[in-house]
Amino acid sequence: MHTVGETRYNHWFDGLALLHSFTIRDGEVYYRSKYLRSDTYNANIEANRIVVSEFGTMAYPDPCKNIFSKAFSYLSHTIPDFTDNCLINIMKCGEDFYATTETNYMRKINPQTLETLEKVDYRKYVAVNLATAHPHYDAAGNVLNMGTSIMDKGKTKYVIFKIPATVPEDKKGKNPLKHTEVFCSITSRSLLSPSYYHSFGVTENYIVFLEQPFKLDILKMSTAYIRGVNWASCLAFHKEDKTYIHIIDQRTKKPLPTKFYTDAMVVFHHVNAYEEDGCLLFDVITYEDSSLYQLFYLANLNQDFEENSRLTSIPTLRRFAVPLNVDKNAEVGSNLIELASTTARALKEKDDQVYCQPELLYEGLELPRINYAHNGKRYRYVFAAEVQWSPIPTKILKYDVLTKSSLKWGQEHCWPAEPLFVPTPDAKDEDDDFHITKWAIPSLILPLPQKSLPTLLGMLRRATRTMVGLSH
């Protein structure tokens with residue numbers, strides 16, 4: 001929901017969260033949707049206008065307050081109390097489900113009825129002001145996530161934390177969140193300008209975190225309210241800087257001592273990561289700058305959108321390779337990667353630094369997903385929305401990282417959402433997804449003698465829609 005009363009959000013990513021539910025049962029798909037009844041939603045609806053700030057929209061709750069009340073309001077926004085408009089993802093924690101965003105708030109939901117339940121503040125369990133909406137899960141269902149702790153005890157840190165799937169009987173409190181533990185923390189390279197990040201990667205033994213030069217200016221953020229600008233304006237891309245690659249060993253809970261880095265880039269989505277012959281490989285969608293966010297201001301989403309919003313930076317799937325054990329005697333300038341599976345390089349430099357040069361796999365895809373059973377392991381397929389020069393997806397893409405080939409599905413006047421991979425129960429193949437080819441194809445073949453070519457093509461199109469709909 002982008003409009004409340006006569007007010008409108010500035011940015012596409014600010015809209016009030018809408019929950020979607022798809023239930024596949026007995027060959028039928030059932031759908032329902034419901035707005036997340038967050039405190040933000042309730043306050044806006046009650047006031048019949050936007051009164052809670054989002055990242056791209058600064059809101060002012062009561063324009064009629066006197067000057068003293070306004071001054072107090074400005075002070076209270078110095079360290080902002082963020083929105084609970086949890087519109088990015090759904091997280092499973094123990095037996096519970098939560099709608100999540102990138103602030104410190106989550107909302108518990110009922111997955112059957114989509115009813116909004118209690119509001120949860122991460123800060124009660126771990127000292128973070130921001131957290132990603134893309135956590136990882138291990139085989140036991142434990143949640144691994146990370147967030148930013150801003151100026152806590154004189155430091156700004158990236159905190160990796162773990163939420164157990166179950167709570168031992170001898171421990172008080174059955175809520176797994178109460179037993180959250182800090183796994184590791186990394187001090188930000190800048191006290192007042194921490195990196196923005198949307199996701200991270202994991203393998204069996206390691207965690208991959210990219211500290212990119214897309215930074216949040218804390219001083220600007222603390223004065224955004226009084227200056228009448230949004231928090232998004234406090235984000236800046238520093239193209240002259242580097243992207244630092246932090247590799248954390250899950251066994252020692254400490255980062256590797258070698259300083260890995262690559263060129264300045266912006267990454268929203270990690271695809272997958274895995275280990276191979278003493279190296280760690282990770283695949284990410286990269287941008288050359290931060291222009292993507294600017295495209296989605298609603299002022300740009302008009303009738304001239306297609307003409308005016310050609311992507312200046314194409315989202316590109318790139319593979320990085322990092323040597324887990326660096327030979328200190330290796331020559332400066334030598335390539336430390338000797339894998340036949342990738343052309344990615346890691347060049348030894350002075351002072352224990354390694355420059356990582358990625359392999360370009362595919363240009364023009366976003367919102368990647370994989371068969372999560374292969375998360376952190378060698379894998380083959382990426383499912384994504386294909387985008388070329390426009391940020392609006394028109395096709396669903398299945399990309400094979402082994403053969404570097406792809407399959408695409410699209411239909412006129414259809415704009416697919418983020419594809420979700422649903423594996424067949426007891427599937428053996430990585431790409432064995434839930435579809436209905438076994439009975440759909442015979443039902444097409446039987447009536448062929450009586451059908452004309454145009455009718456047949458129509459039937460094929462309908463069958464394709466059915467299979468793709470059920471698959472995703």
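Cβ coordinates come from backbone N, Cα and C, glycine included.
Other Cβ atoms within 10 Å of the Cβ of His198 (Fe cation binding site) number 16 in total over all chains. According to TrEMBL, the Fe cation binding site annotation covers His134, His198, His269.
What surrounds the Fe cation site, by Cβ distance within 8 Å of the Cβ centroid and not counting His134, His198, His269, is the set Thr132, Ala133, Tyr197, Ser199, Phe268, His270 from the same chain. Shown in sequence order, His134, His198, Ser199, Val284, Ile285, Glu366, Leu367, Pro368 are the residues of the chain, 6+ apart in sequence, with a C-beta less than 8 angstroms from the C-beta of His269 (Fe cation binding site).
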